[in-house]
Amino acid sequence: MNTNMQNGKPTPRLGVTMPISESFPTKEDLASTERLLQTLKDEGLFESEEESRRREIVLGKLDKMVKEFVFVVLTKRRNQPEAVAREAGGKIFTFGSYRLGVHGSGKCADIDTLCVVPKNVAREDFFEVMHEMLRNRPEVTELTAVPDAFTPVIKMKFSEIPIDFTFAKLELHVIPDSLDLSNDGLLQGLDERCVRSVNGSRVTDDILRLVPNIPSFRIALRCVKLWAQRRAVYSNMMGFLGGVAWAMLVARVCQLYPNACGATIISRFFSILHQWPWPQPILLKPIEEGPLQVRVWNPKLYPADKAHRMPIITPAYPSMCSTHNVTDSTKAVMLSEFKDAAELVNKIMVERQPWSDLFKKGDFFSRYKHYIQIIASSDSEERHLRWSGLVESRIRRLVMGLERTENVVLAHPYIKGFDKVIQYRTAAEKEDAAHGTLKPRSEAPESELPSDALEEPGTIYTSTYYIGICIALREAGSTARRKLDLFRPKEEFLELVKNWDMYDEGSMGITIAHLTSSKLPAELFEDGADQKKAKRSKSGKKNSSAETRPPTKKRRGSTGPNSAVAVAETGPTSADSSSPATPALLVDPSTPKDPMPTPGTAVVPQA
């Protein structure tokens, strides 16, 4: 680490290059930062002292539970003396947003927590004994274990605070309370899953050590996280960026402007990223080689690493790519969002537009003409937590399958699902609920129940996910209709999720359907917003005058497990026309609704 003297004070130089500017903020910069900070407070991003104490109490209880868990395993399962088992200890570490000091307020702000145990405690013990201990706690709700995840985790709410609980065992007989995970030697003998779990904490600590100005970093990161959530580009699982990746991006810009205030960091952040020469990696420090036989990110050595589209590399040894889930489509979406945000922040800084303009919600459900709807359903809450989690974790594979489909330019997944708990009275209502077609009904007295009503009303749990589809522009002078065959990616996805070893056809369902934008459920539009979208010109800009185009008629086929995706077809003006549909073929209207980017570009249809 180099230093430079400014105003008699040493400024740390961090990163893999020299800073772009070491200028100190002007009065205007500081004033803009104050306005940004007030906007973030107005958005409710800072928790109260009472909320902070509640989190500390929950973490204290978890730490005690970890020590008790180790004691139970060593005495009951390993037959060790109680004195030895009690001495073995155990400890929790926090990481992610909470450790970085940028977590939000309220019940939606989770805490990433790592359970570290001695060598004689196994991962199976964690998912059996610890899981049962948590199940028996009255404060714990929504408990679900995901032992086969890339990083195995137990998810829960503890006193209404969301917790992601990961596990790592070290090659130590005793885990003292003074344990520091920064020592690379602690990785000796760990399997890959334990290395990933431990590195969650190590990466977070390294980020804080590699940032020259932590207060500016925290303000900027809070801003970027809120922007990414509102613009629906905050989700590692769906192929966008997760919290760690966003933190490393902000940290890198802080290194390039070590004396800048929060507002200046934000203005530089978006302008740098939309022009970044991907796949050149973002690094906070040079990649280190170590003595362990573990894989370190190296695109020259590993073809899979070379294929990463937006590599953002973790600083802790062994360095890994935090953005391996990014697809061509999600990369294109993010680059477009970076460009728009850069232009908007410039107006905020120069013309003093309000910072709240940066945090307006995205237009995903009015951006495209075609959408893919995926509905996962189950007959119990506990089973549905596991099943919907599995389906959600595989949607990125469906996106990649759609990207390989002819005429698909972009497949844009929405970052979260929409959950429902639905009461049904008949088998037909159950089927409709699983397909997302059950219409609201008023409560009827028992005497007015349908003749085919079940003896006991049932409950079905559903989670619905959406992917926006952008289709290539018709070639100049062409009048032929284009066909989009979605059968193969749909069937590959169904096969993938149904091959899950816990899949039960009798209690779990999965359906895929094509919807045009006019058929999207009304609840996706907040505050009763009209589903009818503003007309667009061919350039994609909203047009005040109505645009003339052939009417589109949507014909829907079966959405059962073995059926084809629904069909959209250009029809005549007559509303009662009903020409036969071709299974799994989507016939595009002659005039597309969304402005389509050419393949390989970073242009995304914008409202």
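Placement of Cβ uses the backbone N, Cα and C atoms for every residue, glycine included.
Looking at 41-63, 432-454, the range annotated in TrEMBL as region 'Disordered' turns out to be 432-454. Considering only the binding-site residues Phe95, Tyr234, the Cβ with the fewest other Cβ atoms within 10 Å is that of Tyr234. Scoring each of the binding-site residues (Asp110, Asp112, Asp164) by how many neighbouring Cβ atoms lie within 10 Å, the top position goes to Asp112. Residues in the domain 'Poly(A) polymerase central' (216-361) partition by DSSP class (helix H, G, I; strand E, B; coil) as 75 helix, 6 strand, 65 coil. Other than the site residues Asp110, Asp112, Asp164, same-chain residues with C-beta atoms no more than 8 angstroms from the centre of those residues' C-beta atoms, the Mg(2+) 2 site, are Gly96, Tyr98, Ile111, Thr113, Pro162, Ile163, Phe165.
Taking a C-beta cut-off of under 8 Å and a sequence gap of six or more, Ile111 (ATP binding site) has these contacts in its own chain: Arg55, Val58, Leu59, Thr94, Gly96, Tyr98, His103, Ile161, Pro162, Ile163, Asp164.
Here the candidates are the binding-site residues Ser97, Tyr234, Val244. The one whose C-alpha lies nearest to that of Asp110 (Mg(2+) 2 binding site) is Ser97.
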